[in-house]
């Protein structure tokens, strides 16, 4: 039952339906912003592609996968009968609206019986897009849903027909697949839907509509279907309770509260076998900001003490209170290359994290600009295809788009981005004990500016570099110590808390504005004489809870220890050294006149002796000269010995 040769007359392609109401079809699919305006392109989501039968508003196929918004474009499989349903059956279609004398009672297409399913395998089909009617051929009207968006030839962009319809701008290609079911008891008309390059670059905020038509003698039946994308996070965040910013600013918990308590069962004396009791699972307790800061410093100390105990005998570790709070050290490491998203890709923070300070030289992936080539000791161009590069444990990829534990090569190749493998360290500076004491010393002498070192420079490369160094020296066990892992957990907890605080602070702006407006209204009724401000406003009073008492107590104890140390210094100081602490100009005066005084003293001590020796030397030289002058006036007489012959 093959139709006439292409093209068929325009009138053969006309089918008058009542206008299909697409209210149930064009469903509003909310775009997932994942809690921020610009999510990281390497963020892995649960992406579901849904193919919907438009006429019946039923789901024909749903395919889910884990991936980024750039590479999560799988090959979709759907059966033609799932797209058609019962819409091609004679009992459903209205013969009164059918033109040119076609009668559906004698039609051999549809999915009602097994014979019709088999017959449908012989019909070619073509697909016309309805999401962009303006992209059709010039001077051609492709019609609407009642025409399947194929009112004229040239509107088709894909399909399985002898003239091989193609397009350079449509989002999908639809071809016929192979079926193993020869009896057609179930589905035997598989279709394969693949995304084109234009489809991978398109915005899928809402469903896209297409029309599919069979190529046969007479009227070509229509099937409308839509393709939509649904994006969801792996573990959607949950918020509970009131404002999460201010109430959690509590003092540090005591040391005894951090220890885990394990309940032990009393031994049984009746000889029966003790039953295993499942431990009760309790929800993790939310720690405060001060606990997180203390954990960062404590974890840094334990890691430094494990690597170099001599440096922790007497030192100060100071947590930097101004941005940047973290710094990255570029390292060389072996990353894992996987085709499926590893578990580390599924726990990416919702907010972008930017590292403003990266030092050292390490491994770089992608196209590195000249401005950042100094960070690269080894550069790799990456891999082709949909691969995921997971950083080693305790390390991250620092990219143009932010910090991420793993990167997608599809995103990296598409955006021309580059990444550097780094270790993440908190901004904790290392100082000698004298540095802190000088800030509380009352002496007026100006000391030289001390040199501050961050712990990251002292411990840089511990995660990956320590492995290579530990093979021959036996220090690899350092990487598995609880001290280093505690520092990593403390940094991860602090980053997670920072992320939650940013979201909660945004929600707290409303509460802050209410307090400001309340104060403004209080100024308007300044002369109110009864009831006070809160009673006049008939609102709850706002108070400020001051928790700085603990800080004042700690500073008082610190000043007391400094005072005792200063007294110890004074008791060991000599009387001459105490002169320099009397007055600020005394040190300058002594240093100015000390040189001339020493020269004058040396002249007075050794001058007479040197002068006497010089006078004596001159006298001796004069005597020698006088003797020479006198001998020049006389001649020596030759002596004669008479005894000699």
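The backbone N, Cα and C atoms fix where each Cβ goes, glycine too.
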According to Swiss-Prot, which residue among 46, 581 is annotated as N-linked glycosylation site?
46
Cα-to-Cα gap, residue 413 (N-linked glycosylation site) vs residue 377 (N-linked glycosylation site), nearest whole Å:
21
What is the separation, in Å, between the Cα atoms of residue 334 (N-linked glycosylation site) and residue 142 (disulfide bond)?
55
Based on Cβ atoms within 10 Å, give me the single least packed residue among the disulfide-bonded residues 128, 142, 315.
315
Taking the Cβ of residue 310 (N-linked glycosylation site) as centre, how many other Cβ atoms lie within 10 Å?
8
So, three-state DSSP: helix, strand or coil for residue 150 (disulfide bond)?
coil
Taking the Cβ of residue 46 (N-linked glycosylation site) as the centre, count every other Cβ atom within 10 Å, in any protein chain shown.
17
